[in-house]
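Per TrEMBL, the features are:
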BINDING   Ile7, Gly8, Val9, Gly10, Asn11, Met12  NADP(+) binding site
DOMAIN    4-98  domain 'Pyrroline-5-carboxylate reductase catalytic N-terminal'
DOMAIN    161-261  domain 'Pyrroline-5-carboxylate reductase dimerisation'
Amino acid sequence: MTKWGIIGVGNMGGMLLETWVNSGSISQEDIMILNRSADKAVQLKKKFPSIHVADSTSRIADYADILFLCVRPPHLPGVCHELHSLLQPDQVLVSITSPYSIEDLEVLVPCQVARAIPSITNRAAAGTTLLTFGTSLSNRNKAALIDLVSSYSNPLYIPEDITRVASDIVSCGPAFFSYLAQRFIDGAVAETAISKEQATHLTSEMLIGLGTLLANGHYTLDELIKKVCVKGGITGEGIAVLEKETTEMFSQVFQATHRKFGEEKEAIQKGLYN
């Protein structure tokens, strides 16, 4: 039976743990976690009493066949340095962060590597997980990873050159569109008599319904717009404002994320190869 580990159980690492257990993908008994803050690990142990909590990097490296590294990019090299002498060639280290390429990971550790970028939507057994595999990843371990992420998401293999934009859409996208929904609610409250509570409820229900329409294949996005936006109608007036105000907005969003990504990549290259 494959043993799984998570180093770093913050927002995304904690989400993965809950998703694995609640979806039935992995038994609690087959999971070990390690976190810099012991309090967080203790809280998760109370919630999932059969998981194992490691007290050291060597302990979790000795336990896990496949080890997910869910730490922030600046902390990744330090953790990999600790793991370098502990991991064996038949083990797998899986990073969930986009700035480190597969090539970078293969420089940092002596074992097999992969990247699996999650989405917060995975918590609802939905959305996509972005996969990239190292050159030495065995077919057996590749199948184990695909089977795991398939149990709570749609796995999608991506090449290195679209990693950032794919991550922007899949991983950052829920935050971007949640922010837009909040602004939508704020506008409704500012301009009409509706309360924030009412506007929030209606918007949430609308988004759930929209997602269901798309999930069930009733409409494409373009078809849905055309279906609702009848000629000369009220929706069309709102669409006209959106067309005017958002023309450059998302271009600027992607420029900003790619600029930050470039800065992180540059720092990584200097640290690894200079």
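In case you wondered, yes, glycine gets a Cβ from its N, Cα and C as well.
Here the features listed in TrEMBL are placed on the structure.
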residue	record	CB count, 10 Å
Ile7	NADP(+) binding site	26
Gly8	NADP(+) binding site	24
Val9	NADP(+) binding site	25
Gly10	NADP(+) binding site	14
Asn11	NADP(+) binding site	10
Met12	NADP(+) binding site	22
For this session: Would you list, in sequence order, the residues of this chain other than Ile7, Gly8, Val9, Gly10, Asn11, Met12 that have their CB within 8 A of the centroid of the site's CB atoms, where the site is the one recorded for NADP(+)?
Result: Ile6, Gly13, Gly14, Leu16, Asn35, Cys70, Val71
Problem set entry | Where Met12 (NADP(+) binding site) sits in the secondary structure, as DSSP reduces it to three classes | helix
